[in-house]
Amino acid sequence: MRMNKLRADVQALLFLLPFLVIYGLYTIWPMIKGVEMTFYKWTLIRKMKYIGWDNYTKMFHDQEVWAAIWHSTIFVLITTPTMIVLAIVLALIANRKSRLQKFYRSVFFLPSVLSVAVASYLGLFIFQPYMGFVNSLLHLIGLLPSGTELFWLTELNLSWVALSVITLWWTVGFNFILYLSAMQDIPDEIYEAARLDGASDRHVFWKITLPYLNPITKTITMLQIIASFKVFLQIYIITGGGPLDKTRPIIQLIYTTGFRKNDLGYAATMSYVVFVILLVLSAIQYWMNNRKGAQA
Amino acid sequence: MKKSFGLVLALLFSISLLLSACGGSKNESSSSPSASPSDSSAPASSAAASESAAPSGDSGQKVTLSFWTLFDGGDGANMQALIDEFNKTHPNIEVKNTKLVWGEYYTKLITAVGNGNGPDIGISHTSRLPDLIDQGVATEVDDAAQAAQVDWNSFNQNLLNATVVDGKHYAVPIDTHPFIMYYNKKLLTDAGVLGADGKPVIEPGADGFVKFLTTIHEKLPKITPFALSNTNDDPYRLWWALYHQLGANDVISQDGTKAQVDADKGAKAAQYIQDLYTKGLIKKNDPDFYKNFQSGTAAVMMTGVWATGTWESTKGLDFGAMPIPQIYDQPATWGDSHTIILPATKDNDPAKRQAAITFANWVADNGQIWAKAGHIPSKPSVLEKPEFKALPYRSDYVAVADTVKFMSHSTKSWQIRDLALFKYLNEVWANKMAPADAMGKISTEIDKVLKE
């Protein structure tokens with residue numbers, strides 16, 4: 001019996017070996033190397049100079065870093081709740097028995113197959129002044145007086161709206177699919193029983209559907225926070241981090257520091273601080289989930 | 001339990017993706033020596049064997065050179081034409097072109113040279129050269145130039161001087177691409193501001209140009225008088241030009257250690273441009289000012305000479321090109337140059353370097369091909385060639401080459417441009433910051449960049 005288990009373990013290890021080697025070489029090793037970088041003045045051409053904790057002390061006094069982390073946080077705060085509500089609403093629509101069911105499913109999911117560049121350039125076209133879709137529409141229905149323009153891409157508050165709308169439209173499909181499949185896992189008998197007891201649609205949603213979706217909501221929340229915190233390319237393309245770097249997220253600052261300012265050591269330091277932030281966030285959430293699970 | 005383990009894995013995986021993106025691309029250089037296809041250590045290569053029947057060169061051995069470029073569109077096609085022509089006329093040298101994407105070019109070049117996998121020939125903007133020299137990417141070329149008998153006197157000295165550091169040559173300039181003005185002849189005729197000679201009638205000085213644009217604005221209210229972007233490069237280039245027309249000094253000190261912005265002149269130039277925006281002479285937040293001019297809905301526009309090739313191939317666009325108007329005391333404009341550099345390689349093989357510099361000099365000598373995109377050739381002798389003279393428009397602005405004000409010889413000139421100048425000037429154009437305040441912030445920011 002024990003021998004068999006050992007054999008199975010060895011077999012499993014053999015099958016895993018190619019993956020482990022590649023994962024170790026291209027993920028674990030660079031991560032270790034990355035920690036080393038944080039203690040050096042390290043440029044693209046690898047002129048290295050050991051500077052101890054300088055990158056860390058510099059970072060804690062660097063206003064730009066904290067501003068950028070705050071911008072990423074703003075983005076998380078805007079997009080995560082709206083993303084979850086939107087995904088549930090879309091899933092509810094697509095889950096209803098209707099002839100358009102298949103149509104809804106494909107339409108809601110379709111944007112998420114686009115690349116970030118395509119989605120961002122669509123965003124640029126939609127939100128640009130004078131001939132962009134949004135302003136033209138607002139002119140058409142009379143919400144925006146003719147002769148005036150909303151500068152979605154250069155006014156700070158409007159840029160956040162534009163960036164969030166594009167991101168939601170582009171990425172909601174993935175969460176939508178997760179919710180849809182979770183909804184389909186809810187047994188029909190429960191709904192039937194509720195209906196027999198005379199529960200209204202609203203009751204059914206709040207008392208049955210939503211609680212059943214709870215586990216997947218937790219998963220989506222965590223993945224979404226991490227994904228939103230890592231936002232970079234759509235902002236880089238749409239606003240470039242402007243106006244005055246006020247939408248510049250931390251990843252863009254890391255990119256600029258590493259590849260524009262040629263300071264890979266400092267960029268690596270910021271990366272690891274982001275890493276720690278995400279780790280702490282996940283740990284908190286993990287702990288909260290477990291605690292609630294224990295109570296139930 | 002199982003699910004949470006999956007979550008942790010997912011978390012680890014996503015974070016490792018994030019981290020590896022920042023770790024730089026690390027090639028194990030020993031495994032793939034792709035950058036040296038047939039170097040001197042392999043004398044019996046097939047190419048050399050077939051060449052040996054024609055002992056025209058001194059050794060008869062064929063040298064193959066890898067060349068990294070960042071050109072696309074018309075520039076890319078013209079460079080390829082130059083390379084093909086060179087390979088045809090030089091049986092002992094073969095240049096192989098690798099086109100890289102603009103946005104990634106410098107990062108890749110620096111990393112590759114650092115790994116010992118860089119090309120034999122590269123391109124650098126003059127403004128980027130000090131940085132590449134400082135990092136040991138661009139090498140001094142005097143030895144190779146002497147061997148290849150390059151005559152430095154045959155170049156435009158204004159362009160050449162921008163490539164010389166501490167009395168040593170580091171690059172062969174092949175062009176300059178200054179900031180100039182284009183105008184739509186039909187629209188200017190409609191507005192009554194085109195002279196009989198086909199050139200715009202602009203009264204001299206700061207008020208003259210505003211009056212010129214205002215006339216267009218009044219006569220043709222639906223037309224954009226002056227098409228310009230609202231952020232980054234092109235308005236900055238106009239500011240740079242006006243700043244130097246006022247006779248201002250460079251934005252950093254001669255020794256490159258601190259900011260030296262001429263605040264009064266800088267603010268004056270910025271105020272002038274800001275007024276053009278607020279008076280509606282430049283369209284606010286123009287989504288695409290190139291298209292605006294190209295589709296005949298803008299009377300004038302300013303950008304680099306590289307647009308000439310594009311306008312030429314636009315059907316129905318009757319345009320003219322000229323230096324930007326002289327608003328202030330002396331003529332000056334923004335400009336940069338493409339230069340050919342010899343990146344440091346593993347062996348720095350003198351034979352290859354000589355061949356590479358021969359190629360670079362040949363490209364400069366044949367600037368009439370390169371000029372098709374709109375650039376101004378770096379050798380005055382090319383300007384006299386009939387092929388060059390046959391190209392329209394270029395002769396209208398070749399004189400600008402002498403008045404180009406290059407950016408400072410600083411390893412951080414691009415950072416200063418992107419992180420200090422663009423950033424605050426953009427706010428001025430958006431009418432959110434007073435020009436004088438912007439100059440103060442620019443100074444502080446430049447000092448910060450230089451100190452880092």
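We count from 1, first residue shown onward.
Note that Cβ sites are derived from N, Cα and C of the backbone, with glycine treated the same way.
As annotated by TrEMBL, transmembrane segment applies to A:12-32, A:68-94, A:106-127, A:133-153, A:160-182, A:220-244, A:264-288. Look at TrEMBL and you will find A:69-285 tagged as domain 'ABC transmembrane type-1'.
Using a cut-off of 8 Å between Cβ atoms, the transmembrane segment (A:220-244) and the transmembrane segment (A:12-32) share fewer than three residue pairs, counting only pairs 6 or more apart in sequence.
The stretch from A:12-32, A:68-94, A:133-153, A:160-182, A:264-288 with the most CB pairs below 8 A to the transmembrane segment (A:106-127) is A:160-182. Taking Cβ pairs closer than 8 Å, the transmembrane segment (A:133-153) reaches residues 124-127, 159, 161-162, 238-239 in its own chain, all 6 or more past its ends.
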